[in-house]
Each structure stands twice: as C-alpha cells, then as structure tokens.
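Report on the structure given below.
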Amino acid sequence: MHTPKCRRPSMSATLSHKDLAGLAGCSALAFVLYLNTLNAGFVYDDRRAILANGDVTGARPLANLLRNDFWGTPLVDSGSHGSWRPLCVLSFRLNYLAGGMTPLGYHLVNVMLHCVATWLVFLVARTLLPSRMGVLAAGALFAVHPAHTEAVAGLVGRADLASCVCYLLAYLSYRRHMLNREWGSLILTIMLALAALLCKETAITALLLCGLCDVLSPVGRENSDKVCDGSISGLASFNFQRRFRSLSILGFTLLCGLYCRLSLLPRPSTAFSAADNPTAHESCFWTRTLTFLYLPVANFGILLWPQELSFDWGMEAVSRIRTLWDARNILTAGFYGSLVAILWKGSGLRSAASPMDFAEVANISLPLLRRLGGNSCHTWLGLTCDCHHQLSAPSYRSASAIYSTSSKSKSASWTAAPILGTAFLVLPFLPASNLLFYVGFVMAERVLYLPSVGYCLLFGLGFGHLWQRVNSSWRSRLMLLCGLALLLGVHGVRTFRRNLDWRDEEQLFRSAISINPPKALGNLGSVLSAQGRYEEAELTLRMTLGHRPTMADAHFNLGVVHQKQLNFSSAIPCFRRAIELRPQLAVAYLNLGTSLISLGDHRQEAISVLRTGARLEGSGVRDRGAHVEARYTCYLQLSVLYRSDGRLQDAAAALRESLKALPLLPQKQRAVLHLRLGEILAELQDWNEAEHQQRLAMQLQPEQGAAYVTYGQTLARNGSRLAEAESWFKRALQLAPLEPSSHHHYADFLEQQERHHEALGLRLRAAALAPQDYTLQSCVADALRLLNRLAEAELWYRKAVTLQPMAAHAHANLGAILQMRGLRKEAVACYHKALELQPGHAISRANLARMNVHKHENE
C-alpha cells in the first residue's frame, strides 16, 4: 500500500498566475511612476553626500568608508553627523566608477531599489494577509505613496531604500527558517540584517521584528514531518528548544551589532543646533514631552494624507506644544490609543488560538489518519474531536500561498497581521522618533520609507477584511475597487508632481516656502544668487531675515549677493553679522577679507581677518570639507597679500603653517600649497628648498602639468640646468597637450634663450587653445614683433584690443606697433585712447613725447 509523503511547507511555494500578475503590476507601477526622476540632477543634500564627498569620488582610500560618516566626515570629528552607512556610500562610489558625476545612473539605481522594495512588500503581505486583494492593495499603495518621493527622488534616500530591501529580505528569510529551523536561512537572516545596519542604523530593528514574528508563530507546523513518520508525540507539541535557540541567536546578534556600533566605532560628540531640532533645546520638560509624543502622530499624518511635503521640517515647521489645552494633544491620545487597541485585539486573537491551533492539528493529524486507515482516509473527514473542533482535509501547499476563506484560516492570519503590521510601522521608526534619544532633525520624510511598509500592511489587512465581508455583493466590491482606484490615482498624481519638485533645487525650495519659510527662502536665495539673479536673491534673503533675523547663513548669502555686484561696502556688514552669529563660519572670514581687499585701503584689517579665518579649528561645524576648503583659501589669500607687499618670508610662513594645520586637505590642494611655497622660495633664492617643495607637488599630483612647468621655471634660473629645465617643460606638454599655459610658459623659456621661431609656434598654439584669452593673444603679437613681422603683429594687437577694449595697455601696445610701422596718426589716436582710459599711463605719455605730440593734439 502506497502512503503519500507529507510535504513540508516552504516559503518558495510556486506563485499563482494571479499572484505573479499582481507582483509584476505593483513593481511596474512603481517604475513607471518614478520615470520622471531619471532626468533630475543633484539637489540639496546630494551635493554634500556625493559631489563633495571624497569617499565617493575615490579621493580617499576605500578603508575610509569604515572610518567616516555618510557625509565623508571622520566619525571622530566633533562635527560628524554620526550616521555610519558604509554600504550606501560604497554604492555611490560604484556609481561614480561606472558613470562619473552623471546623475542618471544614480537615479536609476534608486528607482530600481524602489521597485525591488515594492516587490518584497508584496511578498511580505502575502505571508501575513488572508486576502489576495488585501495583498494587492498593500503592494500598490507602497508603490505609489507620495511620502516615498524624498527617498526615491533624493539620492541620499538610497540609505533608506537599500536598508528597506535588506530589512524585508531578512524578514522573509527568517520566515523560511521558522518552517524547519534550517541553519542556512538563519545565517542568511543575520547577514541581511547586518547589511541593513550597514545601509542605515535604524534597520538593526529587523532582528527584533524577526524575533517577534517567531514568538507570534502558530504551534505545530515545523514538526509535521515527525507526525508523518508516525510519531504521535509531535501532534501538538512545538520544539521550544529550537525556537529558543533561534531567538537566542537573534538576541546575541542584536547585542553584538549594537555593541560594535556604539562601542567599537567612534562616537562623535555631535551637538545638533537649535535650528535642526528646536524641541530638543527646549528648557521646559512638559513642552519637550508633549511635542515629542506628538511627532509620531505628525509623521503618521503624512502617511495618511501626504499633501504637505517638505525637504526640511526643522526650525519652526512643527510648532511646539506648550500647553495641555493644545488640540493636538487629542490627536496624540487617539493615536496611541489606536495602537494599544490594535495590539490588544491581536493579543486577544492570539489567546483565542492558544494553546493549540486546531487547524494546524488537523493538517498534521490527517496524514497520520491516512496511514492508519489506508485509502479510506475520506471516512475520517467531518469527524469532530472531543474538543468539538471539526477535522478537515489537509492542504499540502505552503500557508504563504493560500488565501483561505475558512474561519480558522482567517483567524490565524488576523492573529499575526495586526501585530506584525504595527511592528513594521513602529520598530524602524523608534530610533528616529526622539523618544529614545535626541536626533538631529524634527521630521524627515525619507525616514518614513521603511515604517510605511507597516502602514501599507495594515491598510491591506483592512481592505482585505472589507473585501471578504462583502463577497456576496458585487456592487459593494465594485465600490471598494473604485475607492481603491481613486486613492491610488490621487496618490499617484501627487507622487508624479512631487517628483518634479525634486528635479532642481529652485523648484524644491519654492515648494516648501509655506511649510518652512526661513529654511526654504534662505536656500532659494543662495540658488538665485548662483544663477546671477541678484535682485531676486536679495529680496528672497531679506524675506528670510524677516522670518529669522538670527540666521547666519542668510546674512552670509546676502553678503555674497552684494559682493558679486561689487557692492563691497554693503557686503562687509553682512559678513560681520554672519561671523557674530556663527564664529566658526570660516567662509565668512574669507569673504570678509576679500571684500576688505577690494575696498583698497583695508589691507591690514584684511590680513587680520584672513589669519583668524585660516586658524579656525571649526569645533562642531557640520560640513568639515567646506570648512577645510575655506581655511585653505584663507591661507592662499594671505600668502598672496604678503607676496604683493613684498613680505616673502611671511608668505612662506603662512603656506608652511597651512600644510601643518590642514592634514585632511585633499592631495590636489596640498600640491597647490607646495607649488606656491616653491615659487616663493625661488624668489627668495632658496633654490634647494624650492626644488624640494616642487618635487613634493609633483609627487602628490603627478598628472598635473602645472607642477612640471613651475619646476622647469625654477631650474631655468640656474644657467647650468637649462637642458634639464626644458625636459620638464616638454613633460608638461606631453601630460597636458591641450593646456594653454603649458605652451605659454614653454614659449617664455624659449624666448629667454632667444629661440624666437620655436617660441612663436608655441604662442600660436596657446592662442588657438584659448582664443578669448587677452594675454595669450598679446603674446603672439609680441612674438611676431620680435621677429619683425610687424603687419602680422598689428593684426594680433587689434584682436587683443577687441578682447579688452577698456584696458589702456591694450591700446598703448597697438599704438606702439602702428608707430613702428609709420602710421603716425593712428598711433597717436591709440595713445590718446589709452590716456582717456588711464590718464596717468606712462608708456603712452612717453611715446607721445617722443613723437612731439601734446596730449590734446589732434592731427
């Protein structure tokens, strides 16, 4: 007699055609809806996290991914954000290697990750929800929800996308492990959870979710193979030892992960500003408590009705709750009451199914009855046991593939789904809620990406329940479908339009003016200034200061607007106010110093300001890279000032100080400092040290021709090393054949050797490479004059005049060549034009005197 073998339930059960269609439809919907993000650029935080991040561009070693935060700042730095996401930064680095700084590749990866996440949400819903329509509703809602726009359209949201994918995969892997306690699935779960942690720290809660899922799992399923082999003791028993082992491993892994993150890795002493999280700086305990209790409600409100969305919810975007009579406290009470009700209902259903799940007992016992009764197993169907639970025919399909309409199947699904749906909503959000510890923001839409999985599961659970309750009325089901279609349509349109806001910074900042005016207007003013729209920028920045007079960035940006319009007297007070409000703002010192220089009579004050800015340590500054860049430029400006005043020793000292004070400076900028120091030392005739500094510059930037040119110029000052100097000029040309300055400086060297014909060829090549460069065009004319090719020289001098018609020396040079050619009248006109532009122009006066022409003579 043949006895059928019992099949073990598996998460890899074959999907039905309807499931495959729903899965493909949800993923396709997610892809199509975000297609309009593929032509977007780098906006807002993308610039700092990608464009200015040396960990992404390869400017730093790969090992630095483990030592630096998400923004490229060392974790030990006082200004570090503390966000450690090496896998996400690694993905950006791979994007850079594949396509450089072309944004299309970055956006495509984000869209594909969202499609994968939608796919996985569908599969997760399929393990929890009793109705296929509920699963479809959950997957479709996740695909179109507008709250996901920041995570998908904003490139820094990749941390949330990738962590969500790993989080859901870890959950699905552990569901498989729960069926038969295989070690492979458990190890895979742990690896996926740790990968999620390496994408974003909040995803470590995946291990908590897996443990909760195990605790809520029904009894009896994993031992069905023993029953099939005739072990009656496995009928209702559950192997608590194996479950305890799995839970212990999860707990140990969670503790190890937390220990490694909090103890082994550096923890920055970051002090978030009041603008980032004003409630955290509130002195009143009750205001802090009531506001932080309300923030999860506000976040849930975005999930419920995502009409008002903003790139930033800091400052006063969410006003603090200062009294018990604030109406928002009612919403807070209702929200937490609803959570308790869901958990209470779930625990009640759980109790009703304990200690024995009779549907599971039936599925386990009927194969045993078949062995006892042979082929007459059907005679056992419909029997009722002593506990009055009727036995039914067994199903050998995976529970994850069944959408049963029986009351027991519904009860089993309803037992876990509300609790696990709530867990998906709450657990990943807790670390960012400000309830456990303060974080550097009030609200952030991309933080909701993973918690929204729980929201979509609960929505799908409710929709599926309604769908099953009206199964006898096609009109009611049609109304449900219309309602679902309307909701998805409204969300889809909102998502599509919100994607357009994320295409460029101007539109993004304009979209948030009504929610966070000072932040949005301040950033918008900076964008308008960069576009050269100075009047709009000034108006916008003054509106910003009307909302928040103590905003240092707004004062600084307003100063930049005045500076770009050459209105230095108005720019200086703005920079001074920015420094007063934020003393560590090095770039404000830099701009203040350059503005003072431009006024002409404040050189000593400018030197003092630049020296102060260059020596700022920048304790607690958020953007360490920008701070170091500003200090570096302050040192360079300081050396230029000293050099122009003839204080070469002071200039060299400033550059030496910069090399010691800025150890984190990128190699390219360190090379510039060595190069400048070498030039100054050469002027001081310290040849050996000058040569040493220039060799250091070449070692740091071997692909930069400028270092070779400067080294060649230094060697050329030594008459015994002319051949060696020329070899370095030739190397520079080989390295950068399209660099005009390489040809220009080599030509200078050849002219010093009176090799004028060779020099002319290089002059012509340099001028062809930079046809709008006045100096290079003038040098061609000079080279032709030295070869006595005066007619050709005249043409080049005339071209130079067209490039700089307001430059007195350009007209004087043209006058000189005309004078040499005997064109006296035209030459005098050129000299007069030069004197008109610069009344004290010495060369024009001298040449007119040689021609016996008075200044106002008109021949």
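Count begins at 1; order follows the chain as displayed.
Positions of Cβ are set from backbone N, Cα and C atoms, glycine also.
Tertiary neighbourhood of the transmembrane segment (23-43): same-chain residues 15, 50-51, 101, 103-104, 106-108, 110-112, 114-116, 118-119, 121-123, 136, 139-140, 142-144, 152-155, 492, 495-496, 499-500, 502-505, 508, selected by CB-CB distance under 8 Å and a gap of 6+ residues from either end. Taken from Swiss-Prot, the feature transmembrane segment covers 23-43 (among others), and the record attributes it to sequence analysis.
Residues or ranges marked as transmembrane segment by Swiss-Prot on the basis of sequence analysis: 104-124 (among others). Away from its own ends, the transmembrane segment (104-124) comes close to residues 22-23, 26-27, 29-31, 34-35, 37-40, 42, 50, 91-92, 95, 98, 135-136, 138-139, 142-143, 148, 151-153, 155, 157-158, 161-162, 164-165, 168-169, 171-172, 449, 453, 456-457 of its chain (Cβ-Cβ under 8 Å, at least six residues beyond either end).
Here Swiss-Prot flags 135-154 (among others) as transmembrane segment, drawing on sequence analysis.
Residues or ranges marked as transmembrane segment by Swiss-Prot: 155-174 (among others). Residues 11, 42, 45-46, 49-50, 70, 83, 85, 87-88, 91-92, 103, 106-107, 109-110, 113-114, 116-117, 120-121, 123-124, 127, 185-186, 188-189, 192-193, 195-197, 199-200, 202-203, 206-207, 209-210, 213-214, 428, 446-447, 449-450, 453 of the same chain lie 6 or more positions beyond the ends of the transmembrane segment (155-174) yet place their CB under 8 Å from a CB of it.
What Swiss-Prot records for 190-210 (among others) is transmembrane segment, and it gives sequence analysis as the kind of evidence.
Summarising the annotation, Swiss-Prot assigns transmembrane segment to 246-266 (among others) and lists sequence analysis as the type of evidence. When Cβ-Cβ distances below 8 Å are used as the criterion, the transmembrane segment (246-266) is approached by residues 67, 74-76, 84, 177-178, 181, 186, 189-190, 193-194, 197, 201, 204, 207-208, 210-211, 214-215 of the same chain, each at least six residues removed from its ends.
The annotation transmembrane segment is assigned in Swiss-Prot to 289-309 (among others).
Annotation source Swiss-Prot lists transmembrane segment at 329-349 (among others).
The transmembrane segment feature in Swiss-Prot is assigned to 423-443 (among others).
Per Swiss-Prot, the feature transmembrane segment maps to 447-467 (among others); the stated evidence is sequence analysis.
Look at Swiss-Prot and you will find 474-493 (among others) tagged as transmembrane segment.
For N567 (among others), the entry in Swiss-Prot reads N-linked glycosylation site. DSSP assigns N567 (N-linked glycosylation site) to coil, not to a helix or a strand.
Here Swiss-Prot flags 586-620 as repeat 'TPR 3'. For the repeat 'TPR 3' (586-620), same-chain residues at least 6 beyond its ends with a Cβ under 8 Å from one of its own Cβ atoms are 78-79, 270-271, 552, 556, 559-560, 563, 566, 568-569, 571-572, 575-576, 578-579, 626-628, 630-631, 633-635, 637-638, 641-642, 645, 654, 657-658, 661.
Within 10 Å of the C-beta of N718 (N-linked glycosylation site) we count 12 further C-beta atoms, all protein chains included. The N-linked glycosylation site annotation in Swiss-Prot covers N718 (among others) and is backed by sequence analysis.
Mapped onto DSSP helix, strand and coil, the repeat 'TPR 8' (774-807) counts 27 helix, 0 strand, 7 coil. What Swiss-Prot records for 774-807 is repeat 'TPR 8'.
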Next item on the list: Mind giving me a neighbour count for N567 (N-linked glycosylation site)? Other Cβ atoms within 10 Å of its Cβ, every protein chain shown.
Entry: 15
Next item on the list: Would you kindly list the residues that approach the transmembrane segment (474-493) from elsewhere in its chain, counting only those six or more residues past its ends and only Cβ-Cβ distances under 8 Å?
Entry: 29, 33, 137, 140-141, 144-146, 306, 463, 466-467
Next item on the list: Look over the recorded stretches 190-210, 289-309, 329-349, 447-467 and say which has the most C-beta pairs under 8 A to the transmembrane segment (135-154).
Entry: 447-467
Item checked: Conformational class of N718 (N-linked glycosylation site) under the three-state DSSP mapping -> coil
Checklist line | Intrachain neighbours beyond the transmembrane segment (447-467), with Cβ under 8 angstroms and 6 or more residues off its ends | finding: 117, 121, 124-125, 128-139, 141-142, 145, 147-148, 151, 157, 160-161, 163-164, 167-168, 202-203, 299-300, 302-303, 342, 414, 417-418, 420-426, 428-429, 432, 477, 480, 484
Note to self: At a C-beta cut-off of under 8 Å, are there same-chain residues at least 6 beyond the transmembrane segment (190-210) that contact it? List them, or none.
What the structure shows: 83-88, 159-160, 162-164, 166-167, 169-171, 173-174, 249-251, 253-254, 257-258, 261, 420, 423-424, 427-432, 447, 450
Margin query: I'm checking region-level scores; what's the whole-number mean pLDDT for the repeat 'TPR 3' (586-620)?
Written below: 89
Notebook entry, point to check: Any idea what the Cα distance is from N567 (N-linked glycosylation site) over to N718 (N-linked glycosylation site), rounded to a whole Å?
Noted result: 46
